[in-house]
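According to Swiss-Prot, the features are:
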{"type": "TRANSMEM", "residues": "9-29", "note": "transmembrane segment"}
{"type": "TRANSMEM", "residues": "57-77", "note": "transmembrane segment"}
{"type": "TRANSMEM", "residues": "95-115", "note": "transmembrane segment"}
{"type": "TRANSMEM", "residues": "124-144", "note": "transmembrane segment"}
{"type": "TRANSMEM", "residues": "154-174", "note": "transmembrane segment"}
{"type": "TRANSMEM", "residues": "177-197", "note": "transmembrane segment"}
{"type": "TRANSMEM", "residues": "204-224", "note": "transmembrane segment"}
{"type": "TRANSMEM", "residues": "226-246", "note": "transmembrane segment"}
{"type": "TRANSMEM", "residues": "255-275", "note": "transmembrane segment"}
{"type": "TRANSMEM", "residues": "288-308", "note": "transmembrane segment"}
{"type": "TRANSMEM", "residues": "329-349", "note": "transmembrane segment"}
{"type": "TRANSMEM", "residues": "359-379", "note": "transmembrane segment"}
Amino acid sequence: MIAASLRRMITHPAAGGVLLFAAALAAIVMANTDARALYNAIIYFPAQSASATPSHLSLLVLVNDGLMAVFFLAVGLEVKYELLQGALNSRVRAAFPAIAALGGMVAPAVIYSLMTAGTPALRAGWAIPAATDIAFAVGVLALLGTRVPVSLKVFMLALAIIDDLGAIVIIALFYNTALEPLALAAAGAVIGIMALMNRANVRFLSLYLLLGAVLWGCILLSGIHATLAGVVVGGLIPLTLPSTEVSPARALEHWLQPWVVYLILPLFAFANAGISLQGVAPGHLISFLPLGIAAGLVVGKPLGIVLFTAVAVKLRLARLPAGIAFRHIAAAAMLCGIGFTMSIFIANLAFGHDDPETIVLAKVGILSGSVIAALLGYLLLRAILPQPQGSGSVPVGG
């Protein structure tokens, strides 16, 4: 009886989303109570504290650079299928999430820049609201279970991948991160080998994964966020092979699904959501920095996505994914305002660890904006999506 109930609970379409947010809530509570020392001991294990060098192996590093690369591998596999055989299988449909991602980066940056124009010291933070935390956005979608159409979730995943790539480019160009040319060259060579394997219809999945691990190491050493390796490997694993119905990409995607939903995403949430609000005062909520970030996330993200895609559709540069309308896009675009971990990462680069007060203000804006965007996006989608009628959602994240 208990086993049957547990099985039903685990296999519920919304179980992954519930688990992710439960892990995030546990992290926030621990980080702001007497359990803070225990929380830090867990996420920085085996290091002693957050003061360890970024290269020091810890649970946080393992999750963010290692396990999240696996998550992006699963997302990359899914988006590749949709680009070749699914909801994005034409040029105008594939262009839709790309244009949406562009609008979702430009508009928040503009709004932030306008709201902080009077404070030159804050100009460096323009990219903070341009980022989307794909893990938490997918987590909110998972809470809606099978009500989410396949095409809408695929749109979100494709947009988030492009957004993440955009964030990597922004960080490399504007935030003076040191890149290692030799490691980049090695990564390029590995990508070239995998591309040749794909073209030659090499079917050994283990060989792709082995080279993928090498690519991950090269990208990690290059100074670029290592999760990029997951996207690249997902795009290079063959979807179909001649003279066979076997799909290596689909087989790997289905195998990864439960690991992503029930282990990787909850661990990511727990390791990254523990934001300490110590020292935050009510007055912090109405200063220009948090207001600019929150406005960029809550207003800029959906506004940019909707405006850019509406113009693109009008000019016939893009087409809406099948089965959804602009009201679905507008509601899903609100979820892209969940900046959270990527926004915090950019804030640390923009203002440096030697300016703790500014970092606290930035985190207030990121956390408040992300929570508002998540709640509004969830409520809007819940209002416009039909009640579940069986299956219909895609696997990653829910």
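Using N, Cα and C of the backbone, Cβ positions are placed for all residues, glycine too.
Source: prediction; values computed, not measured.
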Proximity verdict for the transmembrane segment (177-197) and the transmembrane segment (204-224), three or more C-beta pairs under 8 Å: yes
The transmembrane segment (226-246) and the transmembrane segment (95-115) contact flag, 3+ Cβ pairs under 8 angstroms: no
Most Cβ pairs under 8 Å with the transmembrane segment (95-115), selected from 124-144, 154-174, 204-224: 154-174
Maximum Cβ pairs under 8 Å to the transmembrane segment (124-144) - stretch from the list 57-77, 255-275, 329-349, 359-379: 329-349
Same-chain residues at least 6 beyond the ends of the transmembrane segment (255-275) whose Cβ lies under 8 Å from its Cβ atoms: 10, 15-16, 19-28, 30-31, 39, 43, 59-60, 63-64, 67-68, 70-71, 73-74, 77, 135-136, 138-139, 142, 340-341, 344, 363, 367, 395-398
Contact check, the transmembrane segment (288-308) vs the transmembrane segment (204-224), 3+ Cβ pairs under 8 Å, seq sep 6+: no
Leading contact stretch, 57-77, 329-349, 359-379 vs the transmembrane segment (154-174) - CB distance under 8 Å: 329-349
Residues of the parent chain within Cβ reach of the transmembrane segment (57-77), under 8 Å, 6 or more residues beyond its termini: 42-47, 134-135, 157, 160-161, 164, 212, 216, 220, 225-235, 237, 249-250, 252-253, 256-257, 259-260, 263-265, 267-268, 271-272, 341, 396
